[in-house]
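Here the structure comes first, spelled out in structure tokens, and everything after it is commentary.
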Amino acid sequence: MMMSKGAFVFVLLGALTAYYVYSPIPNNIEERWKLMLADSFFRSLSQLAELSERMGLLNYMKVMMFITIAERVVPVSDDRVKVSDDNFDGVEVIVYQPTQQEETGELRRAIIYLHGGGWCLGSSRMGPYDLLARHMVTELNAVIVSVEYRLAPAYHFPAQFEDVYRVVKFIFRVDVLKGYHINPERIAVSGDSAGGNLAAAVAQQLQKDPEQHIQLKAQALLYPVLQALDLNTPSYQQNQHMPILPRTLMVRFWSEYFTSDKSFLRAMMANRHNNHESAALLKFVNWSSYLPDSYRRTYNYSAPPVVTGKSSVHSIGLHHLLADPRASPLLVPDTALRLLPKAYVLTCEYDVLRDDGLMYVTRLRNAGVDVTHEHYPGGFHGALMFTTWPTDFDIGHRMMENFVSWLKQNL
């Protein structure tokens, strides 16, 4: 009898665990159960963060920072890669470079890499970013500069952009290029998710800078977030409950990037946060014009409503920020895109940000920019970060190899 009770409890606990872990993940996503397990941890942490904030204990993002802390490593030099902490114009960076100098004296490529994390989380010192940086050094004989930009909610936009832009301009200095043996004609900027947003914004800003004589050769944007005006695109609708980055979390990232005012978060959740200034730019993110037919599917376009009168958008002074292309690189006219460097854009089918990337691909190509678009039909947001134990996914390694292969051919 005792054995049967024990067996019943075991089966019950197993059933409850399976019920909690299971989520309806599409069949064409590889290693589905592994993703379910990873997502159950993310969901648990998110629920704990929500509870903590409601009880007035810790801010939501402070709790979510556990992900960053858990994956933190200490980047150290080895026999192939020299690693050093440095400070570029007041911004902390980690520099990875080949241990051995080429006997020919040939100058090296350089990649300025910007980590993801919704401008609120993440660090260059996380294991997957350390692995990626080392891989780029050894495969490309390149100098990698990983930027530790300031994070929200302690620092809101445009602090993150300003940090990254200062680093890029610092690297372009003649003495810095010479010191790191960098070829000024072979420099790229790259980033994933929020880092892709910053990379795209930096590439655009450099074109506008009259004092800047060195330009980037390439930009590589990995499942980037590119606009804050319409948070109800087909990919936001299709993937609103997908693992790792559900719509609620992405909207929260956007809100925290701009302000900690919860009324703005509620407005963004309802997609009712646009004002007259930002509404004039909705034409640049009209997915009915810029998404290929296969991605529109059965969705009908409806322009986000424009809030008039007194609202959270106006009361906390966000009307200018929403329309700022440094926050939303999709909001520039075609004339601002024509001189941009060649681009690599990675998108994933099961990602709320998929359509941001697809629209940017269309707009860049319409402007005459050389674009390589790599779409993963079974991909999900953040997959490039799933390359180390215990969240080691085959698709993450494929993404890394394909991305580095493109750099090898185009930088």
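For all residues, glycine too, the Cβ spot is worked out from N, Cα and C.
Features reported for this protein in TrEMBL:
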DOMAIN    111-264  domain 'Alpha/beta hydrolase fold-3'
ACT_SITE  Ser193  active site
DOMAIN    321-384  domain 'Alpha/beta hydrolase fold-3'
ACT_SITE  Asp351  active site
ACT_SITE  His381  active site
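Structure with TrEMBL features highlighted.
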| residue | record | CB count, 10 Å |
| --- | --- | --- |
| Ser193 | active site | 29 |
| Asp351 | active site | 28 |
| His381 | active site | 27 |
Cα distance (Å, whole number) from Asp351 (active site) to His381 (active site): 5
For the domain 'Alpha/beta hydrolase fold-3' (321-384), the number of residues DSSP places in helix, strand and coil: 23 helix, 19 strand, 22 coil
Spatial separation of Asp351 (active site) from Ser193 (active site) - C-alpha basis, Å: 11
Overall pLDDT for the domain 'Alpha/beta hydrolase fold-3' (321-384), taken as the rounded mean: 97
